[in-house]
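So TrEMBL lists these for the protein:
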ACT_SITE  H172  active site, proton donor
BINDING   H172, T173, Y174, D245  beta-D-galactose binding site
ACT_SITE  E306  active site, proton acceptor
Amino acid sequence: MKKKVASFNGQDIFSYTIENSRGVSLTALNYGAAIIELLVPDQYGKKENIVINYSDISDYENNPHYLGVVAGRTAGRTAEGILNFDGRSLQLDKNDGNNHLHGGFKGLSRKIWDVIQDEARLTFECVSADGEDGYPGEVSFKVVYELTDENKLVISYWAEPDEKTPINLTNHTYFNLSGDKKTTVLDHILQLSSSKFYELAPDSIPIGTTDVDRHPAFDFRAGKPIRDAIEQEDKQLEIVKGGLDHPFLLDEQPKVKARLSDPKSGRTLAVETEDPAIVVYSGNQIEQKPELNGSEGKKYDGICLETQMPPNETETYLVDKGDIYEKQTVFSLGTTDTEM
């Protein structure tokens, strides 16, 4: 289903809804490829939205929280907006204080994408011009959202540059498995297959990995409520206003790299990815305005599980002319009485 929902700068904004054979549905915008609704049943069969969205669709134009969007050309923060590779030093847009964040002022999250809609698949396509936000090269992008009949949301990414350039994409959806934002995510259980995470400088730039054993708040290997992590005393939590906004290096095994569950609704989410890292953001900087899911915003309203290459490590995600950037992340949706 396609529906006009807004107009930004004279350009029509549409929502697109897809549904699998089991009645799980996803709605996304052509603006930023933003996922605005994901209707999933709880353990009793009640379908509710498990992602955070703006109550007023017009708030997606500026989207201060990057709700649901494709973040890029490069996700995360680049220190001082300086891009160094092959002896070049390029200045990217500074859109986060003195740093560059999620692709800049004209990043993929601000683009109106072309959309091809199938019954259970949305294909988004756009082009980023040479020099846009300071990045070299013209790049063609394609992102696919697919709902399988096994209740998996498969996100596939593809990009082709016409010259060497960094590409590091992720999706910035905020999950809240309580359904329709009935509670915060503080009592959600998070489990990560990760023995190391990146410590952050005071401006949130990653500065190097350390063992989670040295920072118990960041040890999610056995799984624990998010509340148990952020209520600990750790300067790393304080840097990002009392919570998580850190890259975690993923262990090679097991196949599932992250699990999120809500004990009350029984909903579960399992993450499989080809990426070596995941940024976990616990919504620490959400404020009362703009309104979210029909009520005022609150700290910890949602949690992002951003699969990607470690941010600010440009040499690890350079793509040459003639090469293709491809990756896939799978979010398996279930309940405590189903196999993930």
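Note: Cβ is positioned from N, Cα and C throughout, glycine not excepted.
Give me the structural setting of these features: burial, nearby parts and distances.
For H172 (active site, proton donor), applying a Cβ distance below 8 Å and a minimum sequence separation of six or more within one chain yields Y66, L67, G68, V69, V70, A71, A75, H102, S109, C304, E306. DSSP classifies H172 (active site, proton donor) as coil under the three-state reduction.
DSSP gives E306 (active site, proton acceptor) a strand state.
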For the beta-D-galactose site given as H172, T173, Y174, D245, which other residues of the same chain have their Cβ within 8 Å of the site's Cβ centre?
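Going along the sequence, the neighbours appear as H65, Y66, L67, G68, Y281, G283, G302, I303, C304, L305, E306.
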Inside 10 Å of the Cβ of Y174 (beta-D-galactose binding site), count up the other Cβ atoms and send me the figure.
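Total other Cβ atoms inside 10 Å, all chains included: 25.
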